Amino acid sequence: MAALSFSLTSLSKTPKFSPSKTPTTKSTILNLLPDKLLNLNKFSTISKPNSFSLTVTKPSKNSKPKSHFQPIRSLFTGIVEEMGKVQKLGDTKDGGVDLKIAAKTVLEGVNLGDSIAVNGTCLTVTDFTNQDFTVGLSPETLRKTSLIELKTGSLVNLERAVQPVSRMGGHFVQGHVDGTGVIVEKVPEGDSLWIKVKTEKGLLQYIVPKGFIAVDGASLTVVDVFEEEGCFNFMLVSYTQQKVVVPLKEVGQKVNLEVDILGKYVERLLSSRC
């Protein structure tokens, strides 16, 4: 941090202020002021000597570098609020791809720039009406997720980002899809449904029995992990089957997967100590 010092010329016998010997300049001082105070008209004479002088010294070479940590801007719980219906998925005039979805619940209190998880993918609202909303899809999103397979009429899981007063009914879901899996088996048992998903080994290492996983944005509990098959499974009770899109998908279709972030943090901490 810059070191600040001042002197009151009325109370001390220090030599007269010498602008040429002091590294203080108008731009240097203004850089220290909050953005809301940067009114150049008010500070037009700030570089002139007066009874209050401000000296700015450069930080030492040993100063700690500025942190590049980027805080999580949106967070979800994996508790799907409603299923929306795709109205349009196509190219824009600017060469991008837009996804338009009909919805109701997630439109309550929506604003431009808000985050909504669509099948577990955190996307930004670029336009909306009282019946639908539009989000943009980047090339990376299309490569990393199963959203490219959506068609007009497809149902998608929707969830708004949590607020400080929201209940954490599921687990911490960032909306950052880690990859996709393929449904390889669907077996009913009573009114429940077993679903087995195959995925890559890089993701399977973070999936543990009785642990959390977000499948198309829905917070689910893993039952078993089959290492040799590269699969894991979970069971959906009757109520959940009516609220999420996974049961509507057929064997062979893709689902978005986001593993529990806590596993990644633990791995990172352990590897950094080796």
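Glycine too: its Cβ is placed from the backbone N, Cα and C atoms.
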1-25, 76-100, 126-150 - the range that TrEMBL marks as region 'Disordered': 1-25
Across the domain 'Lumazine-binding' (172-270), average pLDDT on the 0 to 100 scale: 94
